[in-house]
Amino acid sequence: MNIVNSLDLSNITTNHVAAAVCAGIAVYAIVAGRNRGKKYPPGPKGHPLIGSLFEMPIQNAHVVYKEWAKTYGDMIFFKVLGQPFLILSSEETITDLLDKRSTIYSSRPRMPMVVELMGWDYTLGLLPYGERWRFLRREFHRFMSPTAVSNYRQIQENSVYTFLNNLVESPEQFSKHLRLFYGSISMKVSYGINVKSAEDQYLLDAEGAMSGFMEAGIPGRFWVDLFPALKYVPSWMPGAEFKRKAARWARLNDISLERPFKHVLDQLKKGVASQSVSATLIEELPDQNSPDRKEKETIARNISATTFLAGIDTIHSTTQAFFYAMAQFPEVQKKAQAEIDAVVGDKRLPTFEDRDQLPYVNALVKELIRWSEVAPLGIYHSTTEDDEYKGYFIPKGTIVMTNAWSILTDPVTYPDPFAFKPERYLKNGVMNPDAPRPEDLAFGRGRRICPGRYLADETLFMTSVGVLAGFNISPPLDKSGKPIKLKNERVGTITLTPPKFECRIEPRSPAIRTMIHDTAESISAL
């Protein structure tokens, strides 16, 4: 599917399109005149005015770009309606541009639908590079540095043990239990709120906001992303369905921002608030009579929401991929369980203190990050000034994508790339310091590297080791009792996830089943 097929054309009128096209042509003419004669990186030539509008893929874009790279190389350049795009498909180009020239390649492209109409301008990941971004990044780092993240380990362990008990009671609902699991960790860390159900209103609010983001965040999904002037069209006009959708999604976004933060404000006034990111930020606010109180409170609210939402969708998808992988690669599961049994024994469940003694499980987490690659093109970068690289001109405002999936499935670096092999990162039974580091691509690069990567890594480890200690995961059975072979497939656009699948999740022994239940009971009594 290309970008034209994916556009929401509901009720768009001829006048709207004509006006937008005229504006686009004017901008195109100005930019084209300024950059005429420049040597761009190789790529599809495109058509006059519209460029590669009909060639730019939406579905499986990472696969299409990998095919294009066979023709054009590790830098692919094209334009859509005058907007330049650059696809990077090698470690060398990503390092040279995003890391070594990060002052130029660290901004974000304009996203009229998501940012300007739906109100996602508060979130750190979508902010353009600048002083505001640097300030919020520093504030966010206070709560997501390796040292800060270590303070959340008890929350993570307790959440994992509760998740394991939910799997014991209703393993067929593991996807629902995953939603509750990650939502409960994020809600507890961000707001100090204990979430007990996947139908908790706080989680439903956040999921409503995220569903709008996932639909509208696809580049070019709506005409307004191609022609920003359309954002000024009144929402009551025929053809302005995108404005009405944006308004509905913006309301959901506002609710997910305001409701939990207001709860913490009220709890602090009563003196009963739990420790959390939002509680810390609120306690640091100036007096109510201070002239900048409102501004500071908004910043605290935004940082709290960013903490809650940071990576929740991608980590959820990665853990789904964990179950998907274990059901397909039983030999990996058995090796990991043998290591856990040797270190942890059968009298308790694993903790973070066991991590240094579990090299195979650590390698498994690395391979999970590579094999799942839930964000194959990451969040797009944008150049803030003209640049030249290897004799090629890269104009200001170019949208830059990194095809991490292509690199992480390169058979030269990762032989048999679609197999799940933790051994890639081991040497003589210990972690190999010279092995590839898939996390360096999966969590982004340069100054826009994911600030929540340490919490994500620890959560993935604790989830994986807990599930492997407690359960055997295997494919579902057909009517004759034979295992159904799972296909290694992915679905999605911005993020990828396994297609809807079933697997058997069974406690490894009656004793382990009892231990999981008793541990969860002791937590619920706290």
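Numbers run from 1 along the shown chain.
Placement of Cβ uses the backbone N, Cα and C atoms for every residue, glycine included.
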Candidates N11, N472; Swiss-Prot annotation N-linked glycosylation site sits on N11
Taking all protein chains shown into account, the Cβ-based neighbour count within 10 Å for N302 (N-linked glycosylation site) is 21
For C450 (heme binding site), the number of neighbouring Cβ atoms whose distance to its own Cβ is within 10 Å equals 22
